[in-house]
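Student: Questions regarding the structure given below will be posed in turn.
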Amino acid sequence: HSTQSVVYCSLLSDCVGCCECACGKKCRSAAFLCAAFFGALGSSFLYGYNLSVVNAPAKDIKAFYNLTWLSRYGEPAAAETLTLLWSVTVSIFAIGGLVGALVVSYLIKVLGRKGTLLANNSLAVIAALLLALGEKARSFEMLIIGRFIIGMDSGISLSALPMYLGEISPREWRGSIGQVNAVFICLGVFTGQLLGLPEIFGHVSVWNFLFVFLAVPALLQLCTLPFLPESPRFLLMERRDEARAEKAFKVFLGKTDVSAELEEVHAESRAQNTLQMASALELFRNRAVRWQTITVIVTMACYQLCGLNAIWYYTNGIFEAAGFNKATIPYITLSTGGIETLAAVASGLVIERIGRKPLLIFGFSAMAVCFTLLTIFLHFQDSFSWMPYLSFISILAVIASFCSGPGGIPFVLTGELFEQSYRPAAFMVAGVVNWLSNFAVGLLFPFIQNALQTYAFMVFVVVCVLGAVYLLIVLPETKNKTFVEISQSFSKINKISQMPDKEMEDVFPVKPGQVEIGDGLKGQTVLLL
């Protein structure tokens, strides 16, 4: 084929008739990888970045708040006022995320998966402007509003992106591609720590550049996603556009014959009781998805309440309590972000071999052991000079254990446990649980730490153990299964049975060379020899 056809494939990912040529499969594989890379860059990456970016400039931002208060009211802000302003600045991110999670199901229904991601970039750009210009405008209100808006962006993207990636991925790659979400969250955390070093943007004159950076991933996503297709499942099952769905499958999978993938979606459509999108209330009422819903709630709650956010929010204080020098803490913190990223990448490489369930159970169990060891080491840190180093190793082990499974698989499971009509509502419920739990940890952990001192992390041990036991008993393995097969795995525990004729229809769909006989033989399939 000509050079022009190679350029056409590379730029538009739309050459659907040349899969036998050298350009075809490579270009369509590139389209699939581009969707994962740029989708996660403008979504998960920004969420992770915002988890860590406010830690380094905290003292400079508080000084700016105090200076602004002094210029307005002629006196410095009281210590309680300054603490309140800073607490609102940090915690309102979770409130924004909760609002984003509440509206995401409506946005996904109206705009589609890709369309929601694209529209969401406007929130990131607006937030970047408010956060970056707040100091120049002498307005701490701009920083607080900016944090709320970027929280909304994260709340929307953490539901829309896993849904998009799960629906465009072949089932044998679904877990690995789903872990891209976790990898980019870790990369975002690491980047926030790196740019926050005193040698880069972590000092008084340039801390606002940390927030300018928010616009860069959003703009990159905005420039690339328009050239990639919408989710083929969304196009076929919700828009009833089989031509565009077939075209999207060809682009993402790199082959011209996608009849098997189309038939899988049709089988899922036939297996559903309704093609209308279910609401969150219907999700709780429907017995057919009761344990899927409970599993998502438990898994997402454990994702936030297992204690890792307490590590991130209060890393500096924990390391100071462990006896480390204040000047070295930013660099020690940077190592935690690197370990997190490496563990997430390793999990993505093995998830399709080991499976979701073993990685989740191992991750929560290992966290429980590491938190127990951390408690012991913190308790005896004044007795031995080398004990702080064991505390540091325990913290790294907690982070690695989290990223080995619990750090990304809950988002993969939310997309896998539900069929198309329930998926948006499921992601909304998961998002609400995620952000409420996030807010609870940030709000309550300081009080728990004051009350329990070195035993504070034992609370997270209980959460991790309970989560691991629940998953061991209830969760079926979802590796390499279709969405219909996963739903059927829950039939027994939900105490429902599928109609025999529907089962036959799912197992033996009508194909070329077959015909359905009506009237007396209605519902039976006869093979024409």
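Cβ coordinates are placed from backbone N, Cα and C, and glycine is handled just like the others.
Pulled these features from TrEMBL for this protein:
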type     : residues : note
TRANSMEM : 30-49    : transmembrane segment
DOMAIN   : 36-479   : domain 'Major facilitator superfamily (MFS) profile'
TRANSMEM : 84-108   : transmembrane segment
TRANSMEM : 115-133  : transmembrane segment
TRANSMEM : 145-165  : transmembrane segment
TRANSMEM : 177-195  : transmembrane segment
TRANSMEM : 207-228  : transmembrane segment
TRANSMEM : 294-314  : transmembrane segment
TRANSMEM : 329-351  : transmembrane segment
TRANSMEM : 358-380  : transmembrane segment
TRANSMEM : 386-413  : transmembrane segment
TRANSMEM : 425-448  : transmembrane segment
TRANSMEM : 454-475  : transmembrane segment
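Explain the structural surroundings of these features, please.
Tutor: Only residues 6 or more beyond the boundaries of the transmembrane segment (30-49), in the same chain, are considered here, and those with a CB under 8 A from a CB of the stretch are 10, 13, 117, 120-121, 124, 150, 153-154, 157-158, 160-161, 164-165, 168-169, 177, 180-192, 213-214, 217-218, 220-222, 224-225, 228-229, 251-254.
Sequence-distant contacts of the transmembrane segment (84-108) (same chain, six or more residues past either end, CB-CB distance under 8 Å): 50, 54, 58, 61-62, 65, 77, 116, 119, 140, 143-144, 147-160, 163, 277, 280, 313, 424-425, 427-428, 430-432, 434-436, 438-439, 442-443.
Long-range contacts of the transmembrane segment (145-165) within the same chain: residues 35-36, 39-40, 42-44, 46-47, 50, 89-90, 92-105, 107-108, 113-114, 116-117, 120, 123-124, 126-131, 134, 177-178, 180-181, 211, 214, 231, 411-412, 414-415, 423-424, 427-428, 430-431, 434-435, each at least 6 residues beyond the stretch ends and with a Cβ under 8 Å from a Cβ of the stretch.
Sequence-distant contacts of the transmembrane segment (207-228) (same chain, six or more residues past either end, CB-CB distance under 8 Å): 11-13, 31, 34-35, 38-39, 41-43, 45-46, 49-50, 53, 56-57, 60-61, 114, 117-118, 121, 124-125, 127-129, 131-136, 146, 150, 192, 195-196, 201, 251.
With a threshold of 8 Å between CB atoms, the same-chain residues lying at least 6 positions outside the transmembrane segment (425-448) that come near it are 90-91, 94-95, 97-98, 100-102, 104-105, 108, 155, 158-160, 162-163, 277-280, 282-283, 289, 292-293, 296-297, 300-301, 303-305, 307, 309-310, 313-314, 410-411, 414-415, 417-418, 456, 459.
Long-range contacts of the transmembrane segment (454-475) within the same chain: residues 291, 294-295, 298-299, 302, 305-307, 310, 356-357, 360-361, 364-365, 367-368, 371-372, 374-375, 378-379, 406, 413, 445, 448, 493, each at least 6 residues beyond the stretch ends and with a Cβ under 8 Å from a Cβ of the stretch.
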Student: Would you confirm whether the transmembrane segment (386-413) and the transmembrane segment (115-133) meet the contact rule of 3 or more C-beta pairs below 8 angstroms, pairs 6 or more apart in sequence?
Tutor: no
Student: Give the mean pLDDT for the domain 'Major facilitator superfamily (MFS) profile' (36-479) on the 0 to 100 scale.
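Tutor: Residues in the domain 'Major facilitator superfamily (MFS) profile' (36-479) carry a mean pLDDT of 88 in this prediction.
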Student: I'm a bit unsure how to read this: which one of 115-133, 329-351, 358-380 has the highest number of Cβ pairs shorter than 8 Å with the transmembrane segment (177-195)?
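Tutor: Going through each listed stretch, the top one turns out to be 329-351.
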